[in-house]
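Asker: Let me begin by handing over the structure; questions about it come next.
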Amino acid sequence: ECSPYAAHLYDAEDPTTPVRQLPGLCDEYCVEFWSKCKTTVRALVKEGELLETVSNRRQFCDILQLQDLDYCFPRVLSNSNLTRNLGAVVADPDGCLQLCLEETANGLRNPVAMVHANDGTHRFFIAEQIGMVWAYLPNRARVERPFLNITEAVLTSPWEGDERGFLGLAFHPKFKHTGKVYVYYSVEVNLEEKIRISEFRISSHDMNMLDHSSERIILEVDEPASNHNGGQLLFGNDGYLYIFTGDGGMAGDPFGKYGNALNKSALLGKVLRIDINNNNRGPLYKIPPDNPFIQDPDARPEVYAYGVRNMWRCSVDRGDPQTKEGNGRIFCGDVGQNKFEEIDIVEKGRNYGWKAREGFSCYDKKLCGNSSLNGVLPIFAYPHSVGKSVTGGYVYRGCESPNLNGLYIFGDFMSGRLMALAEGSRTGSWYDYKICMGRGQTCLFPGLLNKYYRYIISFAEDEAGELYFLSTRIPTSTSATGVVYKIVDPSRRAPPGACRYNPLPVKVKSRLISFVPKPKWTPRPRKRPTKNKPKSRQRTNLPRKGSSPDWFLELLQTLEKLQTEWDTAPDQYVATSAPRPEERHAHSGRKQSNVGPASRRSESTPTNGAVRLVNEHDRADRGRVEIYIDGVWGTVCDDLWNRQSAAVVCHQLGFPFAIEAYRRAEFGRGSGPILLDDVECDGSEKNLLQCHHSEIGETNCSHHEDAGVMCGHTEP
């Protein structure tokens, strides 16, 4: 029986305590257990001190004793103080469900998709943007030879944020019998950019490799620009292949009066549905007979839904494990233009509004007022103050984390936020459900993490229904900083044995590369700070073709221009050095100063670790802390932020004292990357890089948690 007090009985709440093999027993019960059942101990305990002392009752029961006698068995069952609130669910002070992560794969170059074959082997397949797909076994070992390598054909570049490349793959629902896999990638044909949907077959000699000579091109669509390429492929419960295309790129869908998305005669900005079953002879695909516009002479028969801007990552709901409610629904994240990101449920024949509408708001006022367009609203939308490029996720239907059942979990590529939606049981409407990374000791247990790389590229579901997401530290197809994380709910796990499965055997004909997780960051001794030297990386030029004011340029501007653009808002003042006391009094207000912001700018390129204070008033002694690392200015997360860390900043700026260490974006939220987290200083360091901190760029917070300081010349 899985006891609600198992963590207490096994003294497992504190990850620093030794692992117990038997629960804590109350004295009188232990005596009875020893006298009647001690012969069972060798079957229950594998090795260790318990086996050595089983012949001595006193020593045996001393080992099983708990420090907190209220939690020993069976006294814990009758303790009214403990059982009074049993089963009650209480939100934490911030009102969020705390989650942890398990690292599943790493060393990937912009991992854009992870799928399973649904063939009973429980393998998973991870695609990189450059055109490589890797096969992994259930134990997370990777097959050395790639499952697919079409890097020579895939069109992409080393630009940070390039949207072209290998973008999606889907296994045929009956892959075990057909051996067919479908891929979606960018290609250049006669100097013209296109998106291509192709079919491959599994190799007859190796079940972990596709036959590269078997490619058949199912569909190609011209791409007028280098962004908004879509990229999702999936099979619905109806057995048909769904293809999600972008609107063609640039900004505002400028292609004609209605744009591509609202023009049903164009394949861009659409959800397409085709029948690729039984296509070994005859046409490569057929039109499903119930496609909504099959009788419309002005529409392409492949169109299933329209009014789509750039749906990035869609999924099919498996339905509730018991009732199957929700089964077959298709959820998508549709990337917005200037103001809103949205989540949609895709249904046949529906118009999802772009470019008339962005989220719940009008974008093109003339089109927005055209009632004949009959657009459907998203189930959820969020503003760009939260994130600027949605990454669609999945409704959790797995076994291991029962409390997550029914939550739609998704994220944002630019802000790095993980988010969730819950469905109202009575209204059917969806509402924001707060989730966050576990704090304190929540995720300190072996194998668990509470930090991840910021740029969330995709989400995934394994064959058992467990949920993952794929993110990277540097969003370029040449940087091997991509990691796959499994989402874990530490507050409630399934009963032991309930989620076991027996994968079918896999014949491996090449070497297996065992999974080795990245070293988990742990605090170093405080007396011996070491300097963290970030690696430099080459910067690249902007793309020549297409333009967009959305996340693509936002990312490039952040990475390319923050080196020189210190002014995060027109009226913000940045302090990079401390004035003398008399100067501070002489210039106590903006009107009294004749020194413009441009002349306050540092003349030379800052060195790594340089800091500045940003605030909305002309104050040199306080503000949001921003640090310069590897050519980029970014903020510091307030996790563990205290007076000692603030003192390092103040000393660096020439102030002898730190008056206050501020948290929760007291001086406003930054707009650049969050570069440092978990900063711990003793006050003697020369800059924050010499303090203990998590890996640069690896955070679990948002700009709502930007750290700040107030410095002074007199001791507080």
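The backbone N, Cα and C atoms fix where each Cβ goes, glycine too.
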Asker: According to TrEMBL, which residue among CYS499, CYS637, CYS650, CYS681 is joined to CYS711 by a disulfide bond?
Answerer: CYS650
Asker: Sort the residues of the domain 'SRCR' (611-712) into helix, strand and coil with DSSP and give the three counts.
Answerer: 16 helix, 38 strand, 48 coil
Asker: As a test of reading the model: what is the averaged pLDDT for the domain 'SRCR' (611-712)?
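Answerer: That region's mean pLDDT is 89.
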Asker: Reported as an integer number of Å, what is the Cα distance between CYS681 (disulfide bond) and CYS711 (disulfide bond)?
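Answerer: Here the two Cα atoms lie 16 Å apart.
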Asker: Applying a 10 Å Cβ distance cut-off over all chains shown, what neighbour count does CYS711 (disulfide bond) have?
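Answerer: CYS711 (disulfide bond): 26 neighbouring Cβ atoms within 10 Å.
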